[in-house]
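Here's what TrEMBL has on this protein:
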type	residues	note
DOMAIN	102-307	domain 'Cytochrome c assembly protein'
DOMAIN	327-647	domain 'Cytochrome c-type biogenesis protein CcmF C-terminal'
TRANSMEM	6-27	transmembrane segment
TRANSMEM	61-85	transmembrane segment
TRANSMEM	105-125	transmembrane segment
TRANSMEM	187-207	transmembrane segment
TRANSMEM	219-241	transmembrane segment
TRANSMEM	261-277	transmembrane segment
TRANSMEM	284-304	transmembrane segment
TRANSMEM	324-343	transmembrane segment
TRANSMEM	363-385	transmembrane segment
TRANSMEM	405-423	transmembrane segment
TRANSMEM	473-492	transmembrane segment
TRANSMEM	632-652	transmembrane segment
Amino acid sequence: MLAGELGLVALIAVVVLSTMASAQYVLPRWASERFVQTGKDGQSCANSKHYLLPVTRVNGLLSLLSLGLLATAFLTDQFQLLYVAEHSNSKLPVFFKFAAVWGGHQGSMLFWVMTLSGWAALYSLSRRCPSQYKADVLWVMNLLVAAFAWFTLLASNPFEFSPQFMAEGRDLNPMLQDVGLIFHPPLLYVGYIGYSMVFAFACAALMQEKVTLDWLPLCRQWALVAWVFLTGGIVLGSWWAYYELGWGGWWFWDPVENASLLPWLTGTALLHALLAAQRQKMLLNWVMILAFVTFSLSILGTFIVRSGVLTSVHAFAVDPGKGISLLLILVVMLIGSFGLLIFRGDKLTSEPLVSVFSRSYLVLVAIGLLLIATFTVFLGTFYPMVYELLGLGSISVGAPYFNTLITPLSLLALVGMGAGSLVKWRKGGYCRWQQVVWLALVAIVSGLLGYLFQLKVFNLEMTPASVERVEQFDALVCAVWILACWVVVTHLWAGFKVNDRKKLIGVTLAHVGVAIACVGAAMNAEHSYEVNRKLAPNKTFEFVDWQVHYQETQWRIGPNYTAERASIYFDQQGSESFSLFPERRHYPVRVMNMSEPAIKIFWHGDYYVTLGEKVDSQSYAVKVQYKAAIRWVWFGALLGMLGGMSVVILRLKQESGVYEQVEST
């Protein structure tokens, strides 16, 4: 039997089991006594657990098997499957065949189902939850698995057979033939779907007869894990677009990029709300709302990517008809979750805010800033579509809109991150006002000196007038430097003032990471520069204090492409030199040309060369760029991820110790 047939059987089994489990749990009056019956003393809970636990775990294994069989079909060139034929080729390198499994719509949806089932199966192994609550969480997760498994089977089946014999495949889109694709979509989807657990936790909490706060610590752990994966997916996607697509930018404010940013913003707000709820029993309603909205935005992001309703440079695998089904799932989920909140929200009792000068109040301000940023990005992303649907014509919203509105919000966020480490949860601070003034002065001096030092390192004062760039000293960049130093200084001060410093490691890494990323983004935006030249072999031009020499053009043959390769030599007046080898590739199966840029990495920035179209028999259009502090953005994001994981690991160690003590007694 073919891998495709076995994979289809496994997918059908997931559909049947998840549907039956969901129906059997929600309709106990008509269910068999063997599975679920209403009763007292936890009888319903126990029976539900005995049924839901094995079904959830079996679904996790079956969905993993289905995805593995699809991967086998790719690796063995089974072009009788339509999806394999459209996204692979016998000459495609093995690791790209593996990445092609989720490189198209159908495969990505199967990966979605597998991840959703996997998260549910992983949670089913937990031993620290009340039985009834755990059963309710698993019921919500099985509902979600059933919905997306039905959608995959009926509208996005990756195991559909080709109506005609195909001896060879159409090949994977050349833009996706990169090692980044192996990791970027999975990380992004694991992050997206991680919020399904948070969604299920919130729904299950509202379904309990008495709404308690026992679920908050576990919910915060899952939210942190989802946030870390989503951050990793966004960072890897930014890095992939930077070195693969050839434009030299790390963020384009493209609809698909914005689709991943929206749940990241609300997910970050959710983390802050969960912290306040867990520590001070505050903002419980915000926790519920943000849990529902974040997972909804994750589904909306998938809808944007796969429907093609918004024009995107990342639109590699779209199908408008299938996108409507995703939108329907989203609408039903929103109605159900917010309906539950309306009818059961009165059971939530939150403590009131005591003082404006408290960390609780600053957390609320942070949530407000993040929601304003979310609305800003949402409006800029969807306004052109609504404008066109209303018959008003076409309009585009570009980077100036987003940068103008997001920049002041980012500056305010940096101020708040620093201030939050100096005040207590209820009222009062860890230091006097005089000490705050001294900390501010240290931040101002440090930021100003750091910025001036970078100007010297970047050699911006040597930039010729022919290079298009902004003025040498930029007040906005200087302000970002000062506020970033404010975040670092205040967190270091807080570390000296508290006894249990382990609890501050995660938040310090995360906030300092955000500060470093902001500095990198500001420097990159204001102090990068580029030149475009028509170059032929043995031609030289000056790029700042570098002599750039086009040495020669070579031809080479890749596994599934041919390439023109330029050798470009950089020389800094004899003190330092290096060579870069950008390529212009041709993929014959897809009949596509791609530029493969070459990059030289320095700690203060990258030199980035792109080989463009051939102008005449010898000359090419060549773009040379200096991308200031570009890797600071990714380094800061990685610090944030490390901070999130450190909190999860610390919490797991604490719970493990407590659980071992309970077991021993």
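Yeah, the Cβs are placed from backbone N, Cα and C, and that goes for glycine too.
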Long-range Cβ neighbours of the transmembrane segment (473-492) (under 8 Å; 6 or more residues past either end): 407, 410-411, 414-415, 417-419, 421-422, 439-440, 442-444, 446-448, 450-451, 455, 504, 507-508, 511-512, 514-516, 518-519, 522-523, 526-527
Distal contacts, the transmembrane segment (219-241) - CB-CB under 8 A, six or more residues away: 123, 178, 180-181, 183-195, 197-198, 201-202, 247, 249-252, 257, 260-261, 263-264, 267-268, 270-271, 274-275, 278, 287, 291, 314, 633-634, 637-638, 640-641, 644-645, 647-648, 651-652
Any contact, the transmembrane segment (284-304) to the transmembrane segment (187-207), with at least 3 Cβ pairs under 8 A: yes
Sequence-remote partners of the transmembrane segment (324-343) [C-beta within less than 8 Å, at least six residues beyond its ends]: 144, 147-148, 151, 155, 199, 202-203, 206-207, 288-289, 292, 295-296, 299-300, 302-303, 306-307
Proximity of the transmembrane segment (405-423) to the transmembrane segment (632-652), 3+ C-beta pairs under 8 angstroms: no
Arithmetic mean of per-residue pLDDT over the domain 'Cytochrome c assembly protein' (102-307): 90
